[in-house]
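Per Swiss-Prot, the features are:
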SIGNAL    1-17  signal peptide
BINDING   His18, His101, Tyr186  Cu(2+) binding site
DISULFID  Cys67-Cys189  disulfide bond
BINDING   His176  O2 binding site
CARBOHYD  Asn220  N-linked glycosylation site
Amino acid sequence: MKLSLLAIAAIAPFVSAHYFFDTLIIDGQESSPNQYVRSNTRAAKYNPTKWVNTRDNMTPDMPDFRCNKGAFTFAGQTGTAEVKAGSKLALKLGVGATMKHPGPALVYMSKAPSTAKTYQGDGDWFKIYEEGVCDKNKDLKSDAWCSWDKDRVEFTIPADLPDGEYLIRPEHIGVHGAHAGEAEFYYSCAQVKVVGGGNGNPGPTVKFPGAYKKDDPSFNFSIYGGYKEYPMPGPEVWSGASGSKSYSKVVNVNAADATSEGTFGHREHARDFNY
C-alpha cells in the first residue's frame, strides 16, 4: 500500500511521536515503501502497540504482535527480496520519521516453512541484533540511546544463516511511559530469501506472542531520575549473528568513545560483557 502525497502531508505532524517501518535497504540500495515490508490495518499506520491505553484493540499478547495488526493480509502482495548472507541491511521508517522516543531497537528473524508470503510468523524467532544505551553520560530520556533520532535500524544478515525464506522483524520500543506500564512497540515484518548462507543453528528462540510479558522489567523501566542499567528484552542475540550495540554495562564511556567504532562500535553480545 503506497501513501499519496496528501496522506504523507497529513501524517507528517505526528511522525516524530509515532512511526512505522516500511522500507527495506539492502547493501545501501533502498527499495520502495512496502515493496518488501508488509503494511498493516491500523487506524493509523504509526499507532503503537501497548498493554495499557491500547490503540486499535492491539496488545503484545495477540498473534498480530508478530508483524502488526492485519499485516498477514498484505503478505501475498508484498515482494520477497533476495539477500546474500553476510549482506548489510536496514529497515527504515516511513514518511521521514525518526525514532524520537527513548528505548532499544532490536531485530528478529523467523524461517518460513515454505515461502515468506504464506508464513504467518507462528514459528520460532531468534534475535540477530539489538542496541540499547550508547552513552551513559548523556540523557537517558533522549540521546543516551543508540537509536535516538535515527530513521532506521541497521544490521547484518548472519553469514552462517541457512538458506531459505524468512521474516525479518525490526522493532523499536519506546520506554518513555514504561514506568507506568505503557511501553510502546513499533514493529513490522520484511520478507526475504537468504542465499549463500551456511549451516548455523540460530537460537535461542522465542514465540510471538509470548516472548514478552507485561511485568517484564524491560517494560516497567523508568528513564527518570538519572542513569540506570536497562534490562534488554527477549532472548540473547544469536552467537552466529554479527553483533549488537549496547553499552548499558559500560562503567565509564565518554562521548568520543561512544561514537568511535574503533573503540565501542558494533559488539557481539555487548550486554553480556562484565566490566
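Positions of Cβ are set from backbone N, Cα and C atoms, glycine also.
Feature annotations (Swiss-Prot) mapped to structure.
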{"residue": "His18", "record": "Cu(2+) binding site", "Cβ contacts under 8 Å, 6 or more apart": "Ala44, Tyr46, Asn47, Pro48, Ala97, Glu184, Tyr186"}
{"residue": "Cys67", "record": "disulfide bond", "Cβ contacts under 8 Å, 6 or more apart": "Arg38, Asn40, Gly121, Leu167, Arg169, Tyr187, Ser188, Cys189"}
{"residue": "His101", "record": "Cu(2+) binding site", "Cβ contacts under 8 Å, 6 or more apart": "Ala17, His172, Gly174, Val175, His176, Glu184"}
{"residue": "Asn220", "record": "N-linked glycosylation site", "Cβ contacts under 8 Å, 6 or more apart": "Ala178, His179, Gly181, Ala183"}
Hey, what's the Cβ neighbour count for His176 (O2 binding site) at 10 Å? 18
I'd like to know which of these recorded positions, Tyr186, Cys189, is least surrounded, judged by other CB atoms within 10 A. Tyr186
Taking the centre of the Cβ atoms of His18, His101, Tyr186 as the Cu(2+) site, the remaining residues of that chain with Cβ inside 8 Å are Ala17, Tyr19, Tyr46, Pro48, Met99, Lys100, His172, Gly174, Glu184
Specify the secondary structure state of His18 (Cu(2+) binding site) as given by DSSP, simplified to three classes. coil
